[in-house]
Amino acid sequence: MSAPHIPVERADFDQVIVPSFAPAAFIPVRGQGSRVWDQSGRELVDFAGGIAVNALGHAHPALVAALTEQAGKLWHISNIFTNEPALRLAKKLVAATFADRAFFCNSGAEANEAAFKLARRYAHDVHGPQKYEIISAINSFHGRTLFTVTVGGQPKYSDGFGPKIEGITHVPYNDLEALRAKMSERTCAVVLEPIQGESGVLPADQTYLEGVRELCNEHGALLIFDEVQTGMGRTGDLFAYMHSGVVPDILTNAKSLGGGFPIGAMLTTHEIAAHLSVGTHGTTYGGNPLACAVAETVVDIVNTPEVLEGVKQRHALFRTRLEAIGERYGVFRLVRGRGLLIGCVLSNAWKGKAAAFCAAAEREALMILQAGPDVLRLAPSLIIEQADIDEGLDRLERAVAALVQA
Ligand SMILES: *Cc1c(COP(=O)(O)O)cnc(C)c1O
């Protein structure tokens, strides 16, 4: 017997939820593939994918089956015990990547928190207590805990919360000389997103990544790739680092990993992992059987040539049409990104107006994202069907036309 539902509406949000978000005017209640329905029964095309999370769309039958099967067996057991789904998921991630070991948690921020703590602990153990500086990129995003906002390169997220964590330096992204100037024997880690997601879908240059790897090697610093957004097939490779061939020492993933069920992972080598010995770090929910059963199924489906190749093909479909829309209405300066992490950079005439595009899209029953004020971001299901791509792009074109004509 389930509890009776009390009626709720969007206005309730402003009464009972902490006002740190400003959600859309409608409330989604159901999803199937790349379509979502709201309380009124209106159907929307989903190009947002829950912010690059719903890797297999909504209510994918294999994920529903994995979740419900595990739900009938064992939800939670704590890390006093291990569990089969966690062990299987770790084996699959280790087999598919540079890594030897995984640490599971519940979000991207927690995966990065673990990565930053591990990098500092490793440097402390191996080189001594003076080696604790972390260098990251201006405009980077690494999550919302105090450590991760401080490492993140956006003061608007880190100012006003009291003293920040010390020993963190920010340098311009894609600027190797700026990084070289800040590297020293005190640097314990360099943290980068292979494609800066939140701040505009901005890819790192190949030569930059190669140079960063070399600088890290020279200075005995660990290279951490934050693949919370780019990982698990998003870019058409299982992880974005595979495209560049530049291998990190620690990699974090979350978002697409659970396909909508909360989970995060930190991957690293035996040698580095050894420095998070028993008791040094922990989590109550991390690696719980429900999350791992779902994520294991996501990995099985995504890490196949069909799905990864399909992501690249879908990128081409999107790009051709987006470039045509951009040209026709003079709204985009360029379309960038890889796989199904796509950024449409607004032209000078529309700079700063990304929110207006998102609102116009919503009026046409299309969910899209912004990445900062100047970039529209698309992060749909990795298996979005051609009919949904076409319909969504038709709606986007209507939204753009309405905005331009207004
Ligand atoms: C979303 C994101 C995070 C934070 O993930 P949460 O699950 O919200 O904590 C960290 N890094 C990057 C690159 C992200 O895109």
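Each Cβ is built from the backbone N, Cα and C atoms, and glycine gets one as well.
On its own chain, THR284 (pyridoxal 5'-phosphate binding site) has SER78, ASN79 as residues at least 6 apart in sequence with a Cβ closer than 8 Å to its own Cβ. Sequence annotations record features per position, and here TrEMBL assigns pyridoxal 5'-phosphate binding site to GLY108, ALA109, PHE141, ASP226, GLU227, VAL228, GLN229, THR284.
All chains included, 17 other C-beta atoms sit within 10 angstroms of the C-beta of THR283 (N(2)-acetyl-L-ornithine binding site). Look at THR283 (N(2)-acetyl-L-ornithine binding site): DSSP puts it in coil. What TrEMBL records for ARG144, THR283 is N(2)-acetyl-L-ornithine binding site.
The annotation N6-(pyridoxal phosphate)lysine is assigned in TrEMBL to LYS255. Secondary structure at LYS255 (N6-(pyridoxal phosphate)lysine), taken from DSSP and collapsed to helix, strand or coil, is helix. Listed in sequence order, the residues of the same chain lying 6 or more apart from LYS255 (N6-(pyridoxal phosphate)lysine) and placing their CB within less than 8 Å of its CB are ILE51, ALA52, VAL53, ALA55, GLY108, VAL228, GLN229, GLY231, MET232, ARG234.
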Max pairwise CA distance, angstrom, over record-listed pyridoxal 5'-phosphate binders GLY108, ALA109, PHE141, ASP226, GLU227, VAL228, GLN229, THR284: 25
Secondary-structure category, per DSSP, in which PHE141 (pyridoxal 5'-phosphate binding site) falls: coil
Cα distance (Å, whole number) from ARG144 (N(2)-acetyl-L-ornithine binding site) to GLU227 (pyridoxal 5'-phosphate binding site): 16
Of ALA109, VAL228 (the binding-site residues), the residue whose Cβ has the fewest other Cβ atoms within 10 Å: ALA109
Residues among the binding-site residues GLU227, THR283, THR284 that border ligand 1 - Cβ under 6 angstroms, in sequence order: none
